[in-house]
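Participant: From TrEMBL, here are the annotated features:
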- B:6-265: domain 'HTTM-like' (DOMAIN)
- B:12-34: transmembrane segment (TRANSMEM)
- B:65-98: transmembrane segment (TRANSMEM)
- B:110-131: transmembrane segment (TRANSMEM)
- B:152-170: transmembrane segment (TRANSMEM)
- B:202-221: transmembrane segment (TRANSMEM)
- B:335-354: transmembrane segment (TRANSMEM)
Amino acid sequence: MVHFSWKTVAFLAAFMALIWACSTSKDTPDPTPGPDPNPSNTGTDRKVLLTNIADNIILPSYANFKTKFDLMLAKSDAFAAKPDQASLTAFRQAWVDAYTEWQKVELFDVGPAESKTLRYFFNIYPANVTGIEENIVAGNASLELPASYPKQGFPALDYLINGLAATDDAILLKYTTAADAAKRLAYVKQIMTQMNTMFTAVQTEWTATYRDKFINATGIDVSGSLSKLVNGYVLNYERYIRSGKFGIPSGAMVNGVPSPEKVEAFYKKDISLILAKTAHQASIDFFNGKDVKTGKEGPGFKTYLTALGAKDSQSGKLLVEVINAQFDASNAKLGTLKPNLYDEVKTNNAAMVAVYTEMQKAVRMLKVDMTSAMSITITYADNDGD
Amino acid sequence: MGRYWRTYTSAAPLAVFRIAFGVMILGSIVRFWAKGWIDELYIKPTFFFPYYGFEFVKPVGDYTYLLFAVCGLSALLVALGWFYRLASVLLFLSFTYIELMDKSTYLNHYYFVSLVAFLLIFLPANGYFSVDAYRNRSGFYEQIPRWTIDSLRLLMGIVYLYAGLAKLNSDWLLEALPLRIWLPGRNDLPGIGFLFNYRETAFAFSWLGALYDLSIPFLLLNRFTRPFAYAAVVVFHVLTAVLFPIGMFPYIMIVAALVFFPAGFHQRLLALLGGLLRLPATALRLAPHPLKGAERIGVSKPPSGGGGLYSTEQATNSGIPLVKTLIYSPAQSRFLLSLFIIFFIIQIIVPFRYTLYPNELFWSEEGYRFSWRVMLMEKMGNVQFKVVDETGQQMMVNNEDHLTKLQEKMMATQPDMLVQFAHHLRDYYTQHGFRNPKVFADTYVSLNGRLGKPYIDPTVNLAQETDSFRPKKWILPFGDEIKGL
């Protein structure tokens, strides 16, 4: 037997101290009642953060969208009842407003919105024109299958109210005197109903049951709300803002060949920039925890990262400052664009690519630096520390 | 020293180890299967990351389930000590094969299991309290060479000690990284969660963790400190199990550390187990010997001739029941000792191979695996591959089209995997009409809270680089230093 008697005493003493240190610090309740002496405690309280995000960001955003959506629904009904220039103009305006408001809720890819894949029923573009026309002829086609995603939602409405013909008169004829006018109106109605059903289901589940589930799933594993929120948020920024709105139309992602027809709101054209800017700003506001009703910043990714002490160790700058600076840089590039992104791709594509490049830098910070600082888990598999 | 090799001790600790290890591995396999990971990790993916030199080891489609079944069954047979030699060989081969199939599932504790399974092939773990020894009494031994049990203690000691040495670095000790990043994520644990909001907790855990790893083998060896040390083993590993998603490892170590306890403890444990299972007394001891009284005493000279395992029946002068001892022939002894000594020399050297590489170890991970470096890094990365061919045709790769989330995550921070995937892309796009494609990687990696930065030279055509043990020149510099071992 190896004898360590001389060492043993020292080790034993050290170990007893270890166990004592552990057990005392663990068993002793916080001796100072009242406000927490460590201010970072509230900042890292994920329940506080999730509650703010649910009650002051997601649910009010959903309510705002619902208002705009219901207005669009009413205008579309009015248009169906009496398709003329006035009702068409009103419908279009309501569509622009609702589409813009949609940009502020698309990023909440969590809970019922994720499980019901809400986005697929609202904003998959470019619209499949052939498919839409087939559906109109067929009448009552299914809008549930993946193949039907580009045949519904805002992009399909864009085609149906802006893209059917070159002039408004010609468009109105499609809904009045054309042979399939009734069927066309019915299809508009079907799309509206589908959107209404899907969104109402998501909003109802959020308020009825999911809100409580959401704020209580405080873990950072894959089933935790923060993890789902971050993954959905980053995915939205990367795939649906960076790629969808800039990378794909500009050709920065595929072969360098521009595809101007793949811009968002292709038929309306002049709102594509405002949609992109709205979506981008919504992502920035969400990152900063901005209360939708008051406009004040509250618990969110920003406060959480700061409370965690996340900073660039080399420059000493807070990570949230670095990320916000990158958001600003993307905004600056967005500021150089004209409202019609279709034209921009055709005439000023370098500026489109520049936006993509700038946003890519933010994607990495969100995907790598932010996610790592939060130690968000992305898989269920066992791990022994990278 | 010569005398040490001819010292004998009770076979009970080895029997307990065999049973516990077999049961834990069986449990691991059942858990892995039940979670659907066989399908998710080894059947669904279309591409796998092989280990250098083991490129032929690949999942075998639906037969992969059979592979896991073989592994589980052999673990059970090892636990029972039934067809032990065959079962231990199968266990080692099947488990190791499974681990070699895809690098992205590498875990240090799987490597530990493979090593133990390898040693078990050569250890006389079925001589006592086993089906084999019950069915064939000539294979029953109550005493075995002491070094056989000590070899397992040595392996465990190496694991702990090297894990401790690896923690002696500036990030771990001076910055409490990565625990400082990880622990706040568990601040919602009932009772102790609030502690993890304090930086001091991360520092305490870092220092105590290092101290624990460095000292625990010695504290387990010493009989005075052993009970405290074992309590520390339980507390430490249960805590890691609660805090981190590390699967079966804590439980395997808690059980394996029992091997440090003396024979008496294991004998009582086996007696208890035998009683619970209503096993016959002959599972624990040889039946009263017919030649009682005509015993030979002490460690006798081996009988001449005969190459196989043989034994000597011995008894003490006081006439207590006969004890049967396993004594290896000189040839066997020479073979086994040479094998074990080479094995342990390799174990001691391999973790230091990183010193042959110029790059920062944590950054380049050249020589990182198989070195008991656990829980040392919060590392995350993002990589965008671009494939360009001679005609100027160009494609941005969506990694998810080829890889699972786990594979993508692991690849993004490990150069050898990046180059393997680049080769896959080269071959894939060649098949899809690209002529002589070049593959470039736009990478971004963050290590222990440092702001991310480019990882791989974006101008290097990875299609032409090879993965080998040579230093990889296309890894960009870390731009910082992590001091330490």
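Here, residue 1 is simply the first one shown, and the rest follow in order.
Using the three backbone atoms N, Cα and C, a Cβ is placed for every residue, glycine included.
Owing to the predicted nature of the structure, the values given are computational and were not obtained by experimental measurement.
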Participant: For the domain 'HTTM-like' (B:6-265), what is the mean per-residue pLDDT, to the nearest integer?
Facilitator: 95
Participant: The transmembrane segment (B:110-131) vs the transmembrane segment (B:202-221): three or more C-beta pairs under 8 Å (separation of 6 or more)?
Facilitator: no
Participant: At a threshold of under 8 Å on Cβ distances, which of B:12-34, B:65-98, B:152-170, B:202-221 pairs most often with the transmembrane segment (B:335-354)?
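Facilitator: The listed stretch sharing the most Cβ pairs with the transmembrane segment (B:335-354) is B:152-170.
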Participant: Given a Cβ distance threshold of under 8 angstroms, which distant residues of the chain, six or more beyond its ends, lie next to the transmembrane segment (B:65-98)?
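Facilitator: Sequence-distant neighbours of the transmembrane segment (B:65-98): 15, 18-23, 25-26, 29-30, 32-33, 38, 42, 57, 110, 113-114, 117-118, 120-121, 125-126, 129-133.
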